[in-house]
Amino acid sequence: MAMKQVACSAIKAVANSGSSSVLTRQLHVSPGSKKIVGVFYKANEYFTKNPNFVGCVEGALGLRQWLESQGHQYIVTDDKDGPDCELDKHIPDLHVLISTPFHPAYVTAERIKKAKNLQLLLTAGIGSDHVDLKAAAEAGLTVAEVTGSNVVSVAEDELMRILILVRNFLPGHHQVISGDWNVAGIAYRAYDLEGKTVGTIGAGRIGKLLLQRLKPFNCNLLYHDRLKMDPELEKQTGAKFEEDLDAMLPKCDIIVVNMPLTEKTRGMFDKHRIAKLKKGVLIVNNARGAIMDTQAVADACSSGHIAGYSGDVWFPQPAPKDHPWRYMPNQAMTPHISGTTIDAQLRYAAGVKDMLERYFKGEEFPVQHYIVKEGELAPQYR
């Protein structure tokens, strides 16, 4: 019943989408069929297990019948990497490319140069750093994402990961699977969350939701962001603003990364910054893997300086089998899953459909969805 209500809400959101002023010159759509390519992860046998599983190749965001009934061509694939991949076959003549952060199509400057008909890059979800945004802006392309579509999903997942690390959950789970029973092997480094200092780097939509969810645990909450939160929300959460990131980090028992990947944040957590963190710190990163220096994190987990690291973001994605985070100790890593719950899929599928409808009509998108518009990047990517 809950799933049906979510589906109905998503459908209503598309049906009620209004029109606004004419879009930029680059998106002034000429009549005729458009070639739209979607790049999503493959569901295989899992597709038939849930009728609302739309965020995969087989589900195709639920757009196929609608697009083809209007005369558009819709190609969907998971094959996105390498010189002979399926995506590259369609780059020269596609008009719209849809991708997701969970199985990103890396839209490089080279691909943009080859895409002579490309007008619109849509992210089904949040986070468009898989696109070379500078190259997209210079080419006059529009880049947009479904802002807010999976913020609840990611914030809930972050809270789960914090508890998994603090309570040293995974070793106990592994004991059960292997037939062992050793309470001491778990309890010697299991703690309560209450009273711990938790700092979020970034207090945007996801960071704010996380702080609200942490409030009942009676933690000491800190946040660093380029903008201060509304005073009322600060009062509600009890979170304290820290202007100086490097002053905040050593205070934290738990650090949560909630900022976008930009040229400024790429590799931000290198061995030098990690060395300044409290020994035994726990880190949750559902933002982007490339914010971390991969080997520096693995080394710090091995030495015990980082007592636990959890997240669902890697670089590149999918992560290669020899990625060091797969094998480092005290990790609770998963594939990129936090923002692709069934509820989130329905929301970002509805958001993509809404933007495609507006694109076909030459209408503006909701302003918060734009990442690149008229050669300008959204503030968070500048």
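All residue numbers here begin at 1 and follow the chain in the order shown.
The backbone N, Cα and C atoms fix where each Cβ goes, and this holds for glycine too.
Those TrEMBL annotations? Automatic predictions, nothing curated.
Features of the protein shown, as given by TrEMBL:
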type	residues	note
BINDING	Ile126, Asn150	substrate binding site
BINDING	Arg205, Ile206, Asp225, Pro260, Leu261, Thr262, Glu263, Lys264, Asn286, Asp312, His336, Ile337, Ser338, Gly339	NAD(+) binding site
DOMAIN	67-364	domain 'D-isomer specific 2-hydroxyacid dehydrogenase catalytic'
DOMAIN	160-338	domain 'D-isomer specific 2-hydroxyacid dehydrogenase NAD-binding'
SITE	Arg288	site 'Important for catalytic activity'
SITE	His336	site 'Important for catalytic activity'
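All features noted in TrEMBL, drawn onto the structure.
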residue : record                 : Cβ contacts under 8 Å, 6 or more apart
Ile126  : substrate binding site : Pro101, Glu145, Val146, Thr147, Gly148, Ser149, Asn150, Val151, Val154, Gly339
Arg205  : NAD(+) binding site    : Thr147, Gly148, Val151
Asp225  : NAD(+) binding site    : Ile201, Gly202, Ala203, Gly204, Gly207, Phe241
Leu261  : NAD(+) binding site    : Gly127, Asp129, Ala287, Arg288, Ala290, Ile291
Glu263  : NAD(+) binding site    : none
Asn286  : NAD(+) binding site    : Val154, Asp157, Glu158, Arg161, Ile206, Val257, Asn258, Gly311, Asp312, Val313, Ser338, Gly339
His336  : NAD(+) binding site    : Pro101, Phe102, His103, Asp312, Val313, Trp314, Gln317
Listed binding-site residues (Asn150, Ser338), ranked by Cβ neighbours within 10 Å, top entry: Asn150
For NAD(+): widest Cα to Cα gap among Arg205, Ile206, Asp225, Pro260, Leu261, Thr262, Glu263, Lys264, Asn286, Asp312, His336, Ile337, Ser338, Gly339 in Å: 25
Average model confidence [pLDDT] within the domain 'D-isomer specific 2-hydroxyacid dehydrogenase NAD-binding' (160-338): 97
Cβ neighbours of Arg288 (site 'Important for catalytic activity') where a neighbour is any other Cβ within 10 Å: 24
